[in-house]
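Trainee: Quick one: this structure, given as structure tokens, is what I'll be asking you about.
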Amino acid sequence: GAVETLQGKAATGELLEKSVNTIRFLAIDAVEKANSGHPGLPMGCAPMGHVLYDEVMRYNPKNPYWFNRDRFVLSAGHGCMLQYALLHLAGYDSVKEEDLKQFRQWGSRTPGHPENFETPGVEVTTGPLGQGIANAVGLALAEKHLAARFNKPDSEIVDHYTYVILGDGCQMEGIANEACSLAGHWGLGKLIAFYDDNHISIDGDTEIAFTEDVSTRFEALGWHTIWVKNGNTGYDDIRAAIKEAKAVTDKPTLIKVTTTIGFGSPNKANSYSVHGSALGAKEVEATRQNLGWPYDTFFVPEDVKSHWSRHTPEGAALEADWNAKFAEYEKKYADDAATLKSIITGELPTGWVDALPKYTPESPGDATRNLSQQCLNALANVVPGLIGGSADLASSNMTLLKMFGDFQKDTAEERNVRFGVREHGMGAICNGIALHSPGFVPYCATFFVFTDYMRGAMRISALSEAGVIYVMTHDSIGLGEDGPTHQPIEHLVSFRAMPNILMLRPADGNETAGAYKVAVLNRKRPSILALSRQKLPHLPGTSIEGVEKGGYTISDNSTGNKPDLIVMGTGSELEIAAKAADELRKEGKTVRVVSFVSWELFDEQSDEYKESVLPAAVTARISIEAGSTLGWQKYVGAQGKAIGIDKFGASAPAGTIYKEYGITVESIIAAAKSF
């Protein structure tokens with residue numbers, strides 16, 4: 001196999017040392033030139049990085065997106081010069097010498113923490129500690145799922161590994177334990193994590209706050225563990241550990257690699273000062289002397305260059321072999337091949353939108369969480385990459401795909417993922433699934449208020465263009481008796497403030513279907529669907545097309561785009577807006593009702609369209625939403641009124657809270673009379 005070929009050409013002796021030192025000095029020089037960055041980790045992890053990229057991993061540097069590549073995640077994202085140096089040596093066009101010299105500068109392809117959308121070859125965006133290892137669990141889940149679903153006894157078409165380097169900081173974060181607990185439970189045998197055990201944290205030696213036995217904890221989580229005691233020069237030990245890890249196919253492996261942070265620096269090695277700042281000219285010189293490195297800055301010695309140059313033809317050959325294998329597979333298993341292809345490319349089957357349910361005002365009213373389940377189940381039949389689940393609330397979030405079983409260790413082809421009560425890990429795992437292949441459409445669910453437990457991962461979804469669908473139910477005081485700990489208030493506006501994420505709050509069946517259409521189409525932008533626990537009617541005038549515009553008129557008894565009053569609402573309050581409009585019309589007023597499903601989508605429409613919905617000449621405007629009023633001023637204007645909730649909720653039947661908090665038809669009518 002390819003791995004053996006690569007290992008057969010491994011660098012040894014002097015060339016190996018030279019190659020590893022090249023990695024170290026590219027990192028040192030880039031950090032020094034930027035006068036900013038983290039040299040310590042790349043200096044300490046260069047040996048394991050070298051073994052992975054030069055001897056073990058399968059990839060094609062000229063096509064960073066080849067489907068069956070091994071994935072590498074640098075969870076300790078601050079050490080990104082390690083990865084940039086490796087991508088540069090391996091021949092990726094995304095990291096040329098000039099890019100290394102532009103490390104951490106405006107517009108460069110080598111940002112201060114790895115960003116998948118900036119640098120082809122970087123799989124996921126890391127930096128907030130713990131996110132990367134959790135993303136890697138998602139990548140490994142995706143591989144295990146596709147392998148179980150598409151491999152045949154005579155054709156292993158999906159077969160790649162996920163490698164991670166994580167540090168002490170990642171290990172301390174709760175998200176890492178959540179995700180690694182699931183990885184052990186799922187038996188993700190193709191996930192191999194290297195724990196850079198260097199005993200240094202930013203505030204000093206890890207003795208000050210981190211003294212647990214990490215390996216024993218991982219064994220308890222169901223991982224295989226190995227300890228490489230000399231990560232600085234123990235190349236054969238690193239190689240043997242990887243071989244052993246691959247032989248254990250039913251468990252993920254943690255390889256604890258004890259390293260010296262800043263290895264080679266005579267005065268700063270093994271100190272926290274080498275973690276996050278440049279060595280300084282004097283210490284760089286001392287390190288050059290110490291490691292016997294007589295070369296100029298950013299220099300790659302000829303023999304090192306020529307040794308690494310083989311990855312370009314070998315990578316092309318690996319991909320060509322796989323393509324030939326896939327062509328054979330296609331002949332034998334045409335249907336499966338077509339499905340797998342759509343997950344690989346992200347091309348949705350024609351007519352998938354027609355699968356979404358349609359509703360009329362006569363359809364029986366229902367909670368939008370239940371309508372969401374109808375949409376999810378309809379989509380699961382036509383969107384092959386739809387996969388997901390809930391943080392132990394599937395029966396409350398209504399996210400079960402009824403035609404599939406549970407994704408488990410021995411039933412990895414199934415599409416219901418049981419995340420357990422692990423919101424943060426769930427979000428980051430879904431990011432990994434989304435970024436594995438363009439045709440994956442992962443969704444995850446909990447109560448909307450508990451997005452507070454997963455915001456770190458949701459922000460990374462938005463930043464890294466991971467099209468995760470967040471199915472967030474129990475979206476307001478409308479959930480009733482569970483009270484203020486469970487009732488979202490500030491959540492809608494907080495996500496509207498977050499860049500590159502769609503906040504959708506549908507009011508009924510057609511709007512829920514529209515929200516799903518938007519969410520599935522936005523593969524580079526995550527979506528949050530805020531859904532009700534309480535039953536709502538299907539309103540006249542709502543539509544899928546309207547949702548796509550973010551805000552649209554559902555009823556209007558005026559002419560010439562000049563109503564006396566505009567009432568806008570979202571979700572469960574749209575019904576209240578519509579009822580109030582009916583009352584006001586009986587009194588002779590002309591009233592327009594606007595459904596405002598998504599601020600972001602509305603803001604993206606043309607000025608003409610916005611004027612057709614919210615004409616500037618009409619200043620009598622009212623908004624109603626069971627959440628914070630912050631931000632509504634933008635749409636109701638200086639003369640308008642925003643009805644909402646700017647305090648915590650309460651424990652009582654939902655109807656009572658609505659009344660006590662003034663989220664009512666009467667409040668709208670009173671506000672209308674004040675104009």
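Each position is counted from 1, following the chain as shown.
Each residue, glycine too, has its Cβ placed from N, Cα and C.
Got these off Swiss-Prot a minute ago, pasting:
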SITE      His38  site 'Important for catalytic activity'
BINDING   His78, Gly127, Pro128, Leu129, Gly169, Glu173, Asn198, His275, Glu423, Phe450, Thr451, Asp452, Tyr453  thiamine diphosphate binding site
BINDING   Asp168, Asn198, Ile200  Mg(2+) binding site
BINDING   His275, Arg369, Ser396, His474, Asp482, Arg533  substrate binding site
SITE      His275  site 'Important for catalytic activity'
ACT_SITE  Glu423  active site, proton donor
Trainee: Out of Pro128, Glu423, Tyr453, Arg533, the binding-site residues in the record, which is closest to Asp168 (Mg(2+) binding site) when you go by Cα distance?
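Mentor: If we rank Pro128, Glu423, Tyr453, Arg533 by Cα distance to Asp168 (Mg(2+) binding site), first place goes to Pro128.
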Trainee: Using all protein chains in view, find how many other C-beta atoms are within 10 Å of the C-beta of Tyr453 (thiamine diphosphate binding site).
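Mentor: Result for Tyr453 (thiamine diphosphate binding site): 21 other Cβ atoms within 10 Å.
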Trainee: What's the most sparsely packed of the binding-site residues Asn198, Ser396, Thr451, counting other C-beta atoms within 10 A?
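Mentor: Output over binding-site residues Asn198, Ser396, Thr451: least Cβ neighbours within 10 Å is Ser396.
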Trainee: If you compare CA-to-CA distances from Asn198 (thiamine diphosphate binding site) to each of the recorded positions His38, His474, Arg533, which comes out shortest?
Mentor: His38
Trainee: State the three-class DSSP label for Asp482 (substrate binding site), counting H, G and I as helix, E and B as strand, and everything else as coil.
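Mentor: Assignment for Asp482 (substrate binding site) reads coil.
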Trainee: Cα distance, Tyr453 (thiamine diphosphate binding site) to Asp482 (substrate binding site), nearest Å?
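Mentor: Between the Cα atoms of Asp482 (substrate binding site) and Tyr453 (thiamine diphosphate binding site), the distance comes to 18 Å.
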Trainee: How many Å separate the Cα atoms of Arg533 (substrate binding site) and Ile200 (Mg(2+) binding site)?
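Mentor: Just about 48 Å between their Cα atoms.
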Trainee: Counting Cβ neighbours within 10 Å across all chains shown, tell me which of the binding-site residues Asp168, Asp482 comes out on top.
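Mentor: Within the set of binding-site residues, the most crowded position is Asp168.
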Trainee: Cα distance, Thr451 (thiamine diphosphate binding site) to Arg369 (substrate binding site), nearest Å?
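Mentor: Answer for this pair: 16 Å between alpha carbons.
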Trainee: Please tell me which one of the recorded positions listed here (His38, Ile200, His275, Ser396, His474) sits closest to His78 (thiamine diphosphate binding site), measuring Cα to Cα?
Mentor: His38
Trainee: Which state, by DSSP, holds Asn198 (thiamine diphosphate binding site): helix, strand or coil?
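Mentor: It is coil.
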Trainee: In the three-state scheme derived from DSSP, which category covers Asp168 (Mg(2+) binding site)?
Mentor: helix
Trainee: Cβ within 8 Å of the Mg(2+) site's Cβ centroid: which residues qualify beyond Asp168, Asn198, Ile200?
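Mentor: Everything else in range on the chain: Gly167, Asp196, Asp197, His199, Ser201, Thr206, Ile261, His275.
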Trainee: Have a look at the recorded positions His38, Pro128, Gly169, Thr451, Tyr453 and say which one has the shortest Cα distance to His474 (substrate binding site).
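Mentor: Considering only the listed recorded positions, the nearest one is Thr451.
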Trainee: I'm trying to understand the geometry here, so how far is the Cα atom of Ile200 (Mg(2+) binding site) from the Cα atom of His275 (substrate binding site), in Å to the nearest whole number?
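Mentor: Cα-Cα distance, Ile200 (Mg(2+) binding site) to His275 (substrate binding site): 8 Å.
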Trainee: Going by C-alpha distance, which of the recorded positions His38, His275, Ser396 is nearest to Gly169 (thiamine diphosphate binding site)?
Mentor: His275
Trainee: Measure from the Cα of Glu423 (thiamine diphosphate binding site) to the Cα of every one of the recorded positions His38, His275, Ser396, then give the nearest.
Mentor: Ser396
